[in-house]
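Per TrEMBL, the features are:
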- 1-10: compositional bias 'Basic and acidic residues' (COMPBIAS)
- 1-23: region 'Disordered' (REGION)
- 37-58: transmembrane segment (TRANSMEM)
- 73-93: transmembrane segment (TRANSMEM)
- 105-124: transmembrane segment (TRANSMEM)
- 160-180: transmembrane segment (TRANSMEM)
- 186-207: transmembrane segment (TRANSMEM)
- 262-284: transmembrane segment (TRANSMEM)
- 304-323: transmembrane segment (TRANSMEM)
- 360-378: transmembrane segment (TRANSMEM)
- 384-403: transmembrane segment (TRANSMEM)
- 415-437: transmembrane segment (TRANSMEM)
- 443-462: transmembrane segment (TRANSMEM)
Amino acid sequence: STMRERKTTDPLHSTDALHSSTGLSQGKEKLRLKQEVGLISGVSLIAGTMIGSGIFMSPEWVLHHMGNPASSLLLWAACGLLAMFGALSYAELGTIIKESGGEYIYILRIFGSFPAFLFAYTSVILVRPAGLAAVCLSFAEYAIAPFYPGCSSPQVAIKCTAAACILILTVINCLNVRLATSVMNIFTAAKLLALFVIVVGGLVLLAKGQTQSFQNGFQGTTAGIGTVGVAFYQGLWSYDGWNNLNYVTEELKKPEVTLPRALMIAIPLVTCLYLLVNVSYLAAMTPSELLSSGAVAVTWGDKVLGSWAWLISLSVALSTFGSSNGTFFSGGRVCYIAAREGHMPDILSMAHVRCLTPSPALLFTSAMSLIMIISGNFTSIVNFFSFMAWFFYGMTISGLLYLKIKKPELPRSYKVPIIIPIIVLMAAVYLVLAPIIDQPQIEILYIVLFIFSGIIFYFPLVHFKYHPRFLQTVTLHLQLLLEVAPTTRDAN
């Protein structure tokens with residue numbers, strides 16, 4: 001059939017059943033992805049995805065909403081702490097449910113099929129492709145800017161470059177997992193070097209006494225609950241990616257060790273860098289100059305590096321390319337895992353017989369991203385990305401709290417103190433509700449309607465298992481064309 005039958009065993013009803021869903025007997029294994037992601041690659045996947053265009057673009061918006069430098073720095077620190085708390089909570093989930101798929105697989109195992117399908121439907125069709133398209137467009141703008149000095153780049157050139165970026169990423173990720181992780185490692189090193197240059201430049205400026213931006217630092221702090229929530233959205237956009245390693249748990253070497261360690265290295269590293277980079281921006285510019293800057297990092301480069309300012313534009317291009325590679329790597333896995341569980345067409349759950357990569361899922365993610373780039377009508381969707389993300393983060397964290405309270409006997413190699421997921425859940429509720437209560441916007445209603453439009457597909461295709469016969473023929477031809485085979489694993 002074109003949509004796999006769902007597993008009937010509930011892996012959370014017993015310890016043995018849980019392991020039977022995540023473990024795999026030798027005789028029933030048909031094809032599986034290789035465990036190629038070690039500690040260094042894991043750190044690179046997290047840090048490389050988190051450090052995208054956000055730290056080069058978002059500081060002015062955080063400052064705009066918070067009202068002054070000191071409170072904006074506090075918000076950046078709070079965003080890092082929240083990302084760390086969320087990641088530690090996910091680390092425990094990843095050691096209980098040792099399957100790839102991130103929020104999707106956790107929601108499926110804890111809450112059941114219907115909410116998991118809604119997440120997969122929203123993520124695969126909208127959220128992941130839109131996020132990838134946005135990052136690739138950011139890459140394109142910086143990559144071609146030197147070819148159009150003194151004027152804005154034409155939209156056709158930007159979109160073509162972004163599309164070329166997605167196609168290159170598709171080839172890299174379809175060919176080899178090790179190649180994709182090598183690209184992540186190289187570009188993560190390059191962007192860390194760029195941020196290190198900005199940090200050192202800021203420290204030199206501070207040593208010279210350029211501290212005027214920090215005098216009366218808390219004057220004019222914003223107090224509105226909705227405004228602070230929107231500021232959190234801007235800051236957290238720069239931290240997005242803290243959960244990416246949970247999407248590839250099955251491809252980790254020793255996941256019970258690698259997952260928590262990679263999180264504990266990557267997120268504090270990124271948080272410290274973000275704080276130091278913001279201090280550097282404020283040392284080079286007054287708050288009013290920072291607010292009027294279209295691209296903060298470029299303005300910083302013009303002021304501090306002079307004729308070497310082009311290095312910053314190059315660094316941002318490299319950073320966004322590396323981030324888009326991480327987004328693509330993990331986003332394709334959501335599609336693959338959802339198909340394997342029967343929530344997407346069967347062809348998307350298959351892997352290439354020689355490369356051992358989920359190439360159909362990657363090709364589908366690529367196609368959806370290209371459609372969004374061509375149409376160009378996804379800006380408002382990306383603006384509300386954080387609303388959707390934190391809605392599902394909150395659902396996932398509530399699932400962890402359920403397991404900690406109701407099923408403490410489940411084996412886990414890492415345990416997070418219960419107060420940490422409680423704090424994350426409270427933050428998720430705040431981030432979802434605060435902007436709605438303070439400044440309700442019609443776009444949020446559209447997003448909610450889109451999420452629940454998945455009901456139209458769920459009941460006939462998944463619940464009642466209605467599968468048109470012609471789709472079986474299409475699946476067979478695609479399987480032969482793409483040289484892919486099923487990666488089915490039986491629950492029993």
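Numbers run from 1 along the shown chain.
Cβ atoms here come from the backbone N, Cα and C positions, even for glycine.
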So, taking each listed stretch (186-207, 262-284, 384-403, 415-437) in turn and counting its Cβ pairs to the transmembrane segment (304-323) that are under 8 angstroms, which one gives the highest count?
186-207
Contact ranking winner - 37-58, 105-124, 160-180, 360-378, 415-437 against the transmembrane segment (262-284), Cβ under 8 Å:
37-58
With pairs 6 or more apart in sequence, are the transmembrane segment (384-403) and the transmembrane segment (105-124) linked by at least 3 Cβ pairs under 8 Å?
yes
Is the count of Cβ pairs under 8 Å between the transmembrane segment (186-207) and the transmembrane segment (37-58), pairs 6 or more apart in sequence, 3 or more?
yes
Looking at the stretches 37-58, 105-124, 415-437, which one shares the most CB pairs under 8 Å with the transmembrane segment (360-378)?
105-124
List, by number or range, the same-chain residues at least 6 past the transmembrane segment (73-93) whose CB is under 8 A from its CB atoms?
46, 50, 62, 66, 102, 106, 228, 231-232, 235-236, 238-239, 242-243, 246, 259-260, 263-264, 267-268, 270-271, 274-275, 278-279, 393, 396-397, 399-400, 403, 412, 414-416, 420-421, 423-424, 427
So what's near the transmembrane segment (105-124) in sequence-distant terms, Cβ-Cβ under 8 Å and 6+ beyond its ends?
6, 10-12, 21, 93, 97, 99, 246, 331, 334-335, 337-338, 341, 343-344, 364-365, 368, 388, 392, 395-396, 399-400, 402-403, 450-452, 454, 457-458, 462-463
